[in-house]
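Noted in TrEMBL for the protein shown:
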- GLY80, VAL83, ASN87, ASN345, LEU474, SER478: Na(+) binding site (BINDING)
- 1-21: region 'Disordered' (REGION)
- 74-92: transmembrane segment (TRANSMEM)
- 104-125: transmembrane segment (TRANSMEM)
- 146-174: transmembrane segment (TRANSMEM)
- 232-251: transmembrane segment (TRANSMEM)
- 263-286: transmembrane segment (TRANSMEM)
- 306-327: transmembrane segment (TRANSMEM)
- 339-360: transmembrane segment (TRANSMEM)
- 462-488: transmembrane segment (TRANSMEM)
- 500-519: transmembrane segment (TRANSMEM)
- 531-552: transmembrane segment (TRANSMEM)
- 572-598: transmembrane segment (TRANSMEM)
- 618-641: transmembrane segment (TRANSMEM)
Amino acid sequence: MPKNTKVTQREHSNEPVTESVADLLSLEHPMDYKSSQMSMGLSPGSTAPVKALIPSPDPDAEDGRPAWNNKLEYILAQVGFSVGLGNVWRFPYLCQKNGGGAYLVPYFILLLLIGIPLFFLELAVGQRIRRGSIGVWNYVCPQLGGIGVSSLMVCGFVGLYYNVIIGWSIFYFFQSFQYPLPWAECPIQRNGSQAIVEPECEKSSATTYFWYRQTLNITSSIDDTGGLNWKMTLSLLVAWILVCLAVIKGIQSSGKVMYFSSLFPYVVLFCFLVRGLMLKGAVDGIAHMFTPKLEKMLEPQVWREAATQVFFALGLGFGGVIAFSSYNKRDNNCHFDATLVSIINFVTSILATLVVFAVLGFKANIMNEKCVVDNAEKILGFLNTGVLSKELIPPHINFSHLSAQDYTEMYGVIKTVKEDSFDQLGLDACVLEDELNKAVQGTGLAFIAFTEAMTHFPGSPFWSVMFFFMLINLGLGSMIGTMTGITTPILDAFKIRKEILCVACCIIAFLLGLLFVQRSGNYFVTMFDDYSAGLPLTVVVILENISVAWIYGTKRFMQDLEDMLGFRPYAFYYYMWRFVSPAVLVVLIISTVIEMAVSPAGYNAWVEGAERFHSYPPWALAMAYSLIVVAMLPLPLVFIVRHFNLISDGSNKLSVSYRKGMMKDISNLEEQDEQRFILSKKLSEAPSPMPAHRAYLGPGGTQEMTNTNYGTIVENDLWG
């Protein structure tokens, strides 16, 4: 240690010396944190370890913070949080809509540009500071501490309606234990001796009718609440009980649950893929899926939707990623974790897409064959009544064994000859491509299209049970991450038993979630999905990026990463965090605002057996926009109260493990000096939550870049 430091002066002088964190860390020569005397507990100039003030060899274990039992539990937790229902019912839809295989190109590019870098950033800050989202951003930049509060608010909104979807899956799961499946056929109404098909079902389809009428019992507009749907209320209660049991012990319980909830969906997906490839028409669906429409890559909308999907697929901004990583050891290789989880997420999306389009290809062939049979019967009727001449029918066509190709040929001849009166015949073209082009997503894919396809599977109840059990596990993995993003910041800030907090959160969430299990509840699910998360989360993530890259400093952050990981991250991340990712996020925010302004605000209502678009009434529109305002309100509020010193920012409440690490470094100081060292009120003595131990040499590694004092960023309000 240099002789002119204040700690050394104290050893040779009786004069009082005021020590500070800044003084202790401002060594004249760069130090390697991994091998430094501070890290190893060595006295200056010695090679043998000495007894530290706090004897525990593991500073990460000293703060009493829970830790993952092993690395596998942690990876499974991150995978379970990031891989969710969106991989199954959102990604395949976007592929189909945006050029098939061509969509994978912009998606993968944006995964590299914003997905992995921002995921790495969240993992790193959580692991370094060992706090939830609120604590992390209070440390990095107190005036932007509202970032953590906003992410907690969004987690709350999303958790409310996301668990309703798990409730729907639970209902379908239990309904699957019967043969035939209850949505396989339309119900029959008996009027005396007559038996007629339910008109509403006949107008739509058996699966659509079961979803809207027998499951949701939905009203025809959002204005008509219709009262509670008791079946969905019970399902929601079961869903919240499952979530509560999974998170009640924190990561000690959720880590065990993840072994099953994260791995089981892959077993089901592989089973469905093998079974799907054996079905007639599966190859048609997969070929349609991956036939690239390269011209689509030139459309800005494709890139915007790819960026949005990357953004939400990894769970950025929710706080769950930060919360999970905060239970890691400081030297965990979070760069490897970020890359691994991102790749697993991408591969899972591809696997789910293969499964979905193999099954939808089978369904398209079934529906096309049905179309051919129905229209062939119409043609036979026209032939028998003399509307059509039998000479129009090619001689090789056999109506008892009519193929799709034969029907297409016959359809073309009739259309050419009867050009003037063809529309009056009411014949359909029955083109397989048209069936494959019918894009479905979200609940329409899971609860209507996929369920209809499974009714044609041999042993359909088994496959239905497997499918909805997979959806329950996918949703449960995401809900565990969402709940952790809520409970971890609260537990960090208040001394509350985690069991009491988890039970209280689940009870409150269930009561608030009753909004979504009214007969009109599906319309509110749509509203929350469209408005509560999209724009607020994008703003949260760009502020996270800016606070680290431009306020805390990319150079300083890269140096912290080098000290923490033991190696210097690639210069690629320096440029991504500082320039590319913020630029992409700004474009994404602008395009989202434009889309919200241009697109009509409304929902698809179920009216007399068909979906019809309805605009939101004024009160519902006000509610939708208030979701955005409430989620983003903490950002300006916290900035104002911190900027004008209206409340303490709490930044002097250092991470316990970090504080004890500092206490080790000054083990030769007396107790009163230690307290003054940690709690010094002087601005220049303010400790950084990410201490710098070595000068970072920039992306090129040739020119030393100096760090700025954290105190100059937060000004005089740092210590309240």
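Glycine is no exception: its Cβ is also placed from the backbone N, Cα and C atoms.
Curation plays no part in TrEMBL annotations; they are all automatic predictions.
Feature annotations (TrEMBL) mapped to structure.
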| residue | record | contacts (Cβ under 8 Å, 6+ apart) |
| --- | --- | --- |
| GLY80 | Na(+) binding site | MET258, SER261, SER262, LEU476, GLY477, SER478, ILE480, GLY481 |
| VAL83 | Na(+) binding site | SER262, PRO265, ILE344, ASN345, THR348, LEU474, GLY477 |
| ASN87 | Na(+) binding site | ALA313, ASN345, THR348, SER349, ALA352, LEU474 |
Contacting positions for the transmembrane segment (500-519) when only residues 6+ beyond its ends and CB under 8 Å are counted: 156, 159-161, 163-164, 167, 216-219, 224-229, 232-233, 235-237, 240-241, 243-244, 247-248, 483, 486-487, 490-491, 525, 528
Which stretch from 104-125, 306-327, 339-360 shares the most C-beta pairs under 8 Å with the transmembrane segment (146-174)? 306-327
Please work out whether the transmembrane segment (232-251) lies in contact with the transmembrane segment (618-641), by counting C-beta pairs under 8 angstroms that are 6 or more apart in sequence and asking whether there are at least 3. no
Stretch contact, the transmembrane segment (531-552) with the transmembrane segment (306-327), Cβ-Cβ under 8 Å, 3+ pairs: yes
Suppose the Na(+) site is GLY80, VAL83, ASN87, ASN345, LEU474, SER478. Which further residues of the same chain have a Cβ inside 8 angstroms of that site's Cβ centroid? VAL79, PHE81, SER82, GLY84, LEU85, GLY86, SER262, PRO265, THR348, GLY477
Beyond a gap of at least 6 residues from its ends, the CB atoms lying under 8 Å from the transmembrane segment (572-598) belong to 110, 113-114, 117-118, 120-121, 300, 304, 307-308, 311, 534-535, 538-539, 541-542, 545-546, 548-550, 554-555, 557-558, 698-699
One finds that other Cβ atoms within 10 Å of the Cβ of ASN345 (Na(+) binding site) number exactly 25
When each of 74-92, 104-125, 263-286, 618-641 is checked against the transmembrane segment (462-488) for Cβ pairs under 8 Å, which one has the most? 74-92
If we skip the immediate neighbours and take only residues 6+ beyond the ends of the transmembrane segment (104-125), which ones have a Cβ under 8 Å from one of its Cβ atoms? 95, 136, 140, 297, 302-303, 306-307, 309-311, 313-314, 316, 321-322, 325, 334-335, 337-339, 341-342, 346, 350, 541, 544-545, 548, 557, 561, 564, 569, 572-573, 576-577, 580-581, 584-585
Which of 263-286, 306-327, 339-360 shares the most C-beta pairs under 8 angstroms with the transmembrane segment (74-92)? 339-360
Close approaches to the transmembrane segment (263-286) from elsewhere in its chain (Cβ under 8 angstroms; 6 or more beyond its ends): 76, 83, 348, 351-352, 354-355, 357-366, 432, 436, 457, 463, 466-467, 469-470, 473-474
A correct count of other C-beta atoms within 10 Å of the C-beta of SER478 (Na(+) binding site) gives 27
